[in-house]
Amino acid sequence: MSPPAAVSPPARSAELASAPAVKLPVGLSKNSAAATTVEEMEGKWDDFKFAPIRESQVSRAMTRRYFQDLDNYAESDIVIVGAGSCGLSTRYILGKKRPDLKIAIIEASVSPGGGAWLGGQLFSAMVMRKPADAFLREVGVPYEDEGNYVVVKHAALFTSTIMSKVLQLPNCKLFNATCVEDLITRPSKEGVRISGVVTNWTLVSMHHDDQSCMDPNTINAPLVISTTGHDAPMGAFCVKRLVSMGRIEKLGGMRGLDMNVAEDAIVKGTREIVPGLIVGGMELSEVDGANRMGPTFGAMVLSGLKAAEEALKVIDIRQKQNSF
């Protein structure tokens, strides 16, 4: 392979220049008590000591904030189901365009990111076809330019970057290790309107067959964006639920791998499937019978952008409908 034709800017220089110094917990010894930077702690480890804490303080610090989030996001403006590359890209754009919207992200896995921590066959590099490189520049991920496509040296670099930006957004909460077990519905002239999600701990959901009395929780939202990936134990969940509800006759069935056909189809097809439910990413392939694209990630990112665009078109209407 020829060397890369060009290399993108690794990050916006202004962002790097303005990054604040990292602050660590201050110790209590005479050498570490006044330390406010890493450099001030170096070489003084013999007398180092952390600030004291009681175990209940740790418990309350976690519990108080989590239950405040549960209370706050019980009524959300948008719920994104799935925190893979499509879902995270959707959240990033929504945060940029409408920072006022309160958005919960529900991720079944302990670790967000979906399949975007590695490239194909557990390899490191991530390939994106142009013009998805525009989003990499937007979030500050460096890449090698190979002409019609670009290569990020490790997929985890993209995923960790977009995740860090999303989690710093206002009005954003990620509930990981949490899965969507069902959809909240309301009657409408179209048959049904989606108005929220039914949630549970993922570990609880995995044991419904051998345990009982494990009812779920709920989040009301006028708009749900589902990006759970192709058919799998937790994948394509929302569209599979639409089939069992009778809102979709059957799944289209994902077709064989064709990168050129698949990526265009996924981005163009990202839309509101039924009122209140937008579907993007590989979950859409199960609705439309689209081809799979394999280890190229541009469609996931740009489907996220289009999902955000579709959401902004209908959110005001769906909010007015969501009064009960």
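Even glycines carry a Cβ here, placed using N, Cα and C.
Annotation comment: Swiss-Prot describes CYS86, GLU107, ALA108, GLY115, VAL180, ASP215, HIS230, MET282, ARG292, MET293, GLY294 as substrate binding site, evidence class sequence analysis. Under the heading 2,3-didehydroalanine (Cys), Swiss-Prot lists CYS213, citing sequence analysis as support.
Swiss-Prot feature annotations superimposed on the structure.
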{"residue": "CYS86", "record": "substrate binding site", "DSSP (3 states)": "helix"}
{"residue": "ALA108", "record": "substrate binding site", "DSSP (3 states)": "coil"}
{"residue": "VAL180", "record": "substrate binding site", "DSSP (3 states)": "strand"}
{"residue": "CYS213", "record": "2,3-didehydroalanine (Cys)", "DSSP (3 states)": "coil"}
{"residue": "HIS230", "record": "substrate binding site", "DSSP (3 states)": "coil"}
{"residue": "ARG292", "record": "substrate binding site", "DSSP (3 states)": "strand"}
Discussion item. Fewest other C-beta atoms within 10 angstroms of its own C-beta: which of the recorded positions CYS86, CYS213 fits that?
Written reply: CYS213
Worksheet, complete the sentence: Greatest Cα separation in angstrom, residues CYS86, GLU107, ALA108, GLY115, VAL180, ASP215, HIS230, MET282, ARG292, MET293, GLY294 binding substrate per the record, works out to 37
Item to complete: Can you grab the distance from CYS86 (substrate binding site) over to CYS213 (2,3-didehydroalanine (Cys))? Cα atoms, rounded to a whole Å.
Response: 34
Fill in: Cβ neighbour count within 10 Å of ARG292 (substrate binding site)
16
Response to the item:
Spacing of the two Cα atoms, ALA108 (substrate binding site) and the residue listed as '2,3-didehydroalanine (Cys)', in whole angstrom, works out to 20
Worksheet entry | For GLY294 (substrate binding site): intrachain residues, at least 6 apart, with Cβ closer than 8 Å | GLY120, LEU257, MET259
Worksheet item: Which residues in the same chain, at least 6 apart in sequence, have a Cβ under 8 Å from the Cβ of VAL180 (substrate binding site)?
Response: VAL81, ILE106, ALA108, VAL197, VAL198, THR199, THR228, PHE237, CYS238
Worksheet, complete the sentence: Rounding to whole Å, the Cα atoms of ARG292 (substrate binding site) and the residue listed as '2,3-didehydroalanine (Cys)' are apart by 39
Fill in: Rounded Cα-Cα span from HIS230 (substrate binding site) to CYS213 (2,3-didehydroalanine (Cys)), Å
30
Worksheet item: Once the chains shown are all counted, how many other Cβ atoms turn up within 10 Å of the Cβ of HIS230 (substrate binding site)?
Response: 16
